[in-house]
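For reference, the structure is listed below as structure tokens.
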Amino acid sequence: MTNIRKTHPLMKIINNSFIDLPAPSNISAWWNFGSLLGICLILQILTGLFLAMHYTSDTTTAFSSVTHICRDVNYGWIIRYLHANGASMFFICLYMHVGRGLYYGSYTFTETWNIGIILLFTVMATAFMGYVLPWGQMSFWGATVITNLLSAIPYVGTDLVQWIWGGFSVDKATLTRFFAFHFILPFVVLALAAVHLLFLHETGSNNPSGITSDSDKIPFHPYYTIKDILGALLLILVLTLLVLFSPDLLGDPDNYIPANPLSTPPHIKPEWYFLFAYAILRSIPNKLGGVLALVLSILILAIVPLLHTSKQRGMMFRPISQCLFWLLVADLLTLTWIGGQPVEHPYITIGQLASILYFMILLVLMPIASIIENNILKW
């Protein structure tokens, strides 16, 4: 008799995706982040659901409802901080996952890569709207500044902003709709993640060497289930340490001040995971130019497969490209630091240089390095 997991309509799908899936025998810990992102997403949906049971999306009570969750609800504080710091872990895993894709040339799976970019945008939108919900100073002013950027769009900009706001400023209507979208989008992300996996399983996983691994596959279970559990335990360890020892480490103290439309905080800045894009936005003096640069800083990932000029897939055997990749990582860390600094003399220039370098590496230097490496192979 055939095993039920291979015949049952539902079990069959799970079996082909997570149990009998043929996987390359040499994938490293950099391939753990997909499953970690799945864990993060489930954690965020569950903690978010319990928070939504006690949260009220009204400007007069939103701030106090979050305080009520932390003070009066049983284990409300841990749910709230798991959700807030879970978002940080989510983005750490996301950026590692994208970095892995860039380094090992996984972007040659174009469909999977493009769905991944859509996923990235959706998660960023979800996180942004979630940051508005506690209705603190940074929530309110962050929402005001970022939504206001759409007014840079010629002709329809102002109408578009007022349509999103539901009025002439960020107010009750804005908060209510942001809560509605923040609730629904994680399920959209879940559906997109399923499509992401669907496309990935059409081709099979990439591997560090970048060459086909069809001749050397091993079953996903038990080899990679065990490996993924190790990654998951490390993720949970880091998250637990964050939540229990320094839950506000990655947050902004200004968000403990209730939103006040009449007083602007000295430094308006988003959560740490958006700072690199925020730095790119601020480095261009023109409003529309800044908005375009902001969108392109992520959308540029869609152009990466078109600029792949190397004869090799990954960067494992390409030293020049490796140097450029790590320069890109350092550049992104610099941009993240600049995004959190005030708009003053040394920071403005550093931000502009780092922004130029970011686009230069991806659009110009990487393709040139690949051509040079191709020629080195001939010698």
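Just so you know, the numbers here start at 1 and follow the chain as drawn.
Backbone N, Cα and C define each Cβ position, glycine as well.
Listed in Swiss-Prot:
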- 33-53: transmembrane segment (TRANSMEM)
- 77-98: transmembrane segment (TRANSMEM)
- His83, His182: heme b b562 binding site (BINDING)
- His97, His196: heme b b566 binding site (BINDING)
- 113-133: transmembrane segment (TRANSMEM)
- 178-198: transmembrane segment (TRANSMEM)
- His201: ubiquinone binding site (BINDING)
- 226-246: transmembrane segment (TRANSMEM)
- 288-308: transmembrane segment (TRANSMEM)
- 320-340: transmembrane segment (TRANSMEM)
- 347-367: transmembrane segment (TRANSMEM)
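On the structure: features taken from Swiss-Prot.
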residue : record                   : contacts (Cβ under 8 Å, 6+ apart)
His83   : heme b b562 binding site : Gln44, Thr47, Gly48, Leu51
His97   : heme b b566 binding site : Phe33, Gly34, Leu37
His182  : heme b b562 binding site : Gly48, Thr126, Met129, Gly130, Leu133
His196  : heme b b566 binding site : Thr112, Ile115, Gly116, Leu119
His201  : ubiquinone binding site  : Asn16, Ser17, Leu21
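Across 33-53, 178-198, 288-308, stretch 33-53 shows the highest tally of CB pairs under 8 A with the transmembrane segment (226-246). Counting Cβ pairs closer than 8 Å to the transmembrane segment (288-308), the top stretch among 33-53, 77-98, 113-133, 178-198 is 113-133.
Annotation note: His83 (heme b b562 binding site) sits in a helical segment as assigned by DSSP.
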